[in-house]
Structures are given as structure tokens and as C-alpha cells.
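*Asks:* Reproduced below are the annotations present in Swiss-Prot:
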type     : residues      : note
ACT_SITE : CYS136        : active site
ACT_SITE : HIS274        : active site
ACT_SITE : ASN298        : active site
DISULFID : CYS133-CYS176 : disulfide bond
DISULFID : CYS167-CYS209 : disulfide bond
DISULFID : CYS267-CYS320 : disulfide bond
CARBOHYD : ASN72         : N-linked glycosylation site
MOTIF    : 33-50         : motif 'Nuclear localization signal'
SIGNAL   : 1-17          : signal peptide
Amino acid sequence: MTVAVFLAILCLRAALAAPRPDYSLDAEWEEWKRNNAKTYSPEEEKQRRAVWEENVKMIKWHTMQNGLWMNNFTIEMNEFGDMTGEEMRMMTDSSALTLRNGKHIQKRNVKIPKTLDWRDTGCVAPVRSQGGCGACWAFSVAASIESQLFKKTGKLIPLSVQNLIDCTVTYGNNDCSGGKPYTAFQYVKNNGGLEAEATYPYEAKLRHCRYRPERSVVKIARFFVVPRNEEALMQALVTYGPIAVAIDGSHASFKRYRGGIYHEPKCRRDTLDHGLLLVGYGYEGHESENRKYWLLKNSHGEQWGERGYMKLPRDQNNYCGIASYAMYPLL
């Protein structure tokens, strides 16, 4: 038994010692279970109900702070409502994501628009869900290659995340327990291709590598690490398209994010555990109000956040590590 699983069990056992259920929440609990297709054994229901009620309290507290203008983003009860903090951390990348300061192809006289959303060009595929598998790293890599493939061919083809999970173990990745986008890009480059989701579908678990060269739909010639600053990140995003990034996504507020610009006081720029796709930037309100944000695509399904996307503070000292681990491929 792994330490992470052992801790998760301890958290659930601790929930058993919680007070009896708040019966005033019965209807809300039953509705939440229906909406999220949750079924439990009688004993597990007691445990999950206790965890869920604690999360309800946390969300109410956050909402009250919003009313006092202490926050400017919202959170909500979603499919993760019955999960402990440790269980949610197991869904993120357990690998320590670090990179040396990189270089990228810098073009001169690049015009930087005030706002940018690569979704408007059609080069961003629909949001997908990683489920209970900690493969965010693979989703961000596949998504960045999808965008480059569209820019080159005009075809938006969802690529196989499962191909990356199964076939990068020999590169040091840990399948559903985390992996490094850098080594995933290395695999695609060295392997000479990557399959589509249609021929190598997602299973949310590790299986043996079943890649077949004749089914490959894309190759990458090389990939680049963006220097660790937001100015370089913006220039790369404008010039080359959506970028695979990583942030600190370890907080309960992240898993239950609903909308707005995500300000988490405990978010760190040197603790990176969740991969996303950077697709744009903008600002809320008037430009002079300095409410600037980065726009990111997550892999928790469309029910999470703003239809699967989130906004992260921009030009605020590399908030949550947005510029600490950024890469893009070229075909």
C-alpha cells in the first residue's frame, strides 16, 4: 500500500468520528448524488457524507468572504465534493516539475494584442476529463500538439492521451500517478509520431504500450522551453499558439473553482503539480483596473470552472508558477 493511499484511508477513518449528519442537508445530499451519479455502500456513504458536509461548510465560508469582497472568484460543490484533500492531491502530478530556464525561437517586432483567445481560431479541441487518473501532464501535451496540427493542416484531431500514458513509462513518467510534460514531448519526437484518440482511446489507467506507427497522425520536429517570465510567455503564446504549462493546483479552492480570476493566497510559484493548456489572456472590467488574467484549459471536464477553463492572475510575479514550466512544440 502506498503512503498516499494509506493517508487517504486515514482521512476517511477520521471522517467516521465526525458528528452525525446534518439532516437539514439531506435533500441537497441526495440531489448532489443524483447529479454526479454517486452510489455507495451503507458504510462508505457515512464516510463520504461526512467529507461532503465539511466541503459544504468550506464553500459557504468562501462565499461569505466573497460577499465581504475578500475574494473575486467563486467555488462550488462539484463532482469532487465527497473527496478528501489527500484524495484530490492524488489526482494531480506527484512528480516534482522543474526545468532549467529555457530558450525559444524569438521573433522580432511581434505585435502583442491587448487580449487573445486561441479558441476563436478553432485550434483548441473540446475540453476532456482525466477522471481519477493523474494524467494532467499528458492532456496538456496532447492539447498543445493538437493546436499545432490544426495550425498546419486545418484539421482539429483529438490526440491520444492514453498513448502518452502507456508509452512514456520508460521515459520515467508514472502514468496516472504523475509525469513530466518535457519527457512526454521527448517521447513524441523520438517515437516519430502519436496516435489519435479515435484509434487509441482513453482508459484512465496504465496499460501496455500499443502504439502502431501506421496509425500515427502527427509528428513533432522539436519542442521549446519558454524562459521563466511572463513577458516571454506572452510572446511565445502570441507567436506560436497554445502552450503546455504547469501550476500549483494542490488547493481545495482549485478543485472546486467555478469562475472569476483565481486568487488563492497559498498558491506558490515553486510547487508545480498540475498541467494545463494556456490558450489566451485578457482582463476583466476596465484595463486600468489591473484585473488581468491568463486563460487556461483544464482537463476536469466542462462542468468544472468556466466550461472547463479558468482565469489566473497575469503580471503578478509569476502567480501560481504560470511561467515556471512552459513548453510548446513545432511540427
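Placed from the backbone N, Cα and C atoms, the Cβ positions cover glycine too.
Let's see these features in context: how buried, what's close, how far.
*Replies:* There are 25 other CB atoms within 10 A of the CB of CYS136 (active site), with all protein chains counted.
Counting every protein chain shown, the Cβ of HIS274 (active site) has 27 other Cβ atoms within 10 Å.
ASN298 (active site) is surrounded by 26 other CB atoms, counting those within 10 A of its CB over all protein chains shown.
Within the same chain, residues at least 6 positions away in sequence whose Cβ sits under 8 Å from that of CYS176 (disulfide bond) are GLY132, CYS133, GLY134, ALA135, ILE165, ALA204, LYS205, LEU206.
Under the three-state DSSP scheme, CYS209 (disulfide bond) falls in the coil class.
Long-range neighbours of CYS320 (disulfide bond) (same chain, six or more residues apart, CB within less than 8 Å of its CB): ILE247, ASP248, GLY249, TYR262, GLU264, CYS267, ARG268, ARG269, LEU312, PRO313.
Reduced to three states, the DSSP call for ASN72 (N-linked glycosylation site) is coil.
In the predicted model, the motif 'Nuclear localization signal' (33-50) shows an average pLDDT of 87.
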*Asks:* Name the one residue among ASN72, CYS136, CYS167, CYS209 whose Cα is closest in three-dimensional space to that of ASN298 (active site); these are the recorded positions.
*Replies:* CYS136
*Asks:* Out of ASN72, CYS136, HIS274, the recorded positions in the record, which is closest to CYS167 (disulfide bond) when you go by Cα distance?
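*Replies:* Closest recorded candidate to CYS167 (disulfide bond) by Cα: CYS136.
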*Asks:* Tell me which of the recorded positions ASN72, CYS136, CYS209 ends up closest to HIS274 (active site) in space, Cα to Cα.
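*Replies:* The smallest Cα gap between HIS274 (active site) and any of the recorded positions is with CYS136.
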*Asks:* Check the DSSP secondary structure of CYS267 (disulfide bond), expressed as helix, strand or coil.
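*Replies:* Assignment for CYS267 (disulfide bond) reads coil.
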